[in-house]
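**Q** Structure incoming, see below.
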Amino acid sequence: MSYIYNLLKQFLAFLLNTTDKYVGNFGISIIIVTILIKIILLPLTLKQDKSMKEMKKLQPELEKIKQKYANDKQMLNIKTMELYREHKVNPLGGCLPILVQLPILFALFGVLRSGIIPADSSFLWMRLADPDPFYVLPVLNGAVSFLQQKLMGTSDNAQMKNMMYVFPIMMIVISYRMPSGLQLYWLTSSLIAVIQQYFIMKKGA
């Protein structure tokens, strides 16, 4: 697994450096490569969303089965699998796309943390190898994180509602000392995720 991860890192490092040679700015290279990766992974994102929607539709029937066979675990499992087969739903369908995406996104994150960003490279007001001096990127990352959770919908659970406000603050605290290049990747990736989520929800409406 580590061998595949290292290969991914080498490929992504090559992609970043090659893009930088053509565009002449490492910040723009980070944005372009992040967008490219997100586009490549879009079919998996759509597949994951479709699988999650199918599972959501089955929830009322799954609850009935759970109540009916609450004291018979074996029959509960049999009836649950029968329901999945009947509706041609794979319960792991929502997990598999994530398992494919995560190594790629972590590899890109790892490449940017490894010192690949040239020490003298800059983008807008910031030096990419240093933290954002005005803390604009950490605040934007927190705001986009909040927007992302709002798009996904609020839960009736009080703890989950609190997390919707706590998590963006945690994002700001975690990221404010990170190199600006890493924060730029994080922001670009999150913004694309928000745009994707918006259009997926609009399509399903």
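Cβ atoms are placed via backbone N, Cα and C, with glycine included.
In case it's useful when we look at the structure, here is the feature table from Swiss-Prot:
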TRANSMEM  26-46  transmembrane segment
TRANSMEM  92-112  transmembrane segment
TRANSMEM  181-201  transmembrane segment
**Q** By Cβ distance under 8 Å, which residues at least 6 away from the ends of the transmembrane segment (181-201) in the same chain are close to it?
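**A** Same-chain contacts beyond the flanks: 26-27, 30-31, 34-35, 38, 42, 45-46, 49, 105, 108-109, 112-113, 117, 121, 123, 128-129, 131-132, 137-138, 140-141, 144-145, 147-148, 151-152, 175.
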**Q** Could you tell me what the rest of the chain brings near the transmembrane segment (26-46), counting residues at least six beyond its ends with Cβ under 8 Å?
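**A** Answer is 12, 15-17, 19-20, 97, 100-101, 104-105, 108, 112, 117-118, 121-124, 128, 181, 184-185, 188-189, 192-193, 196, 200.
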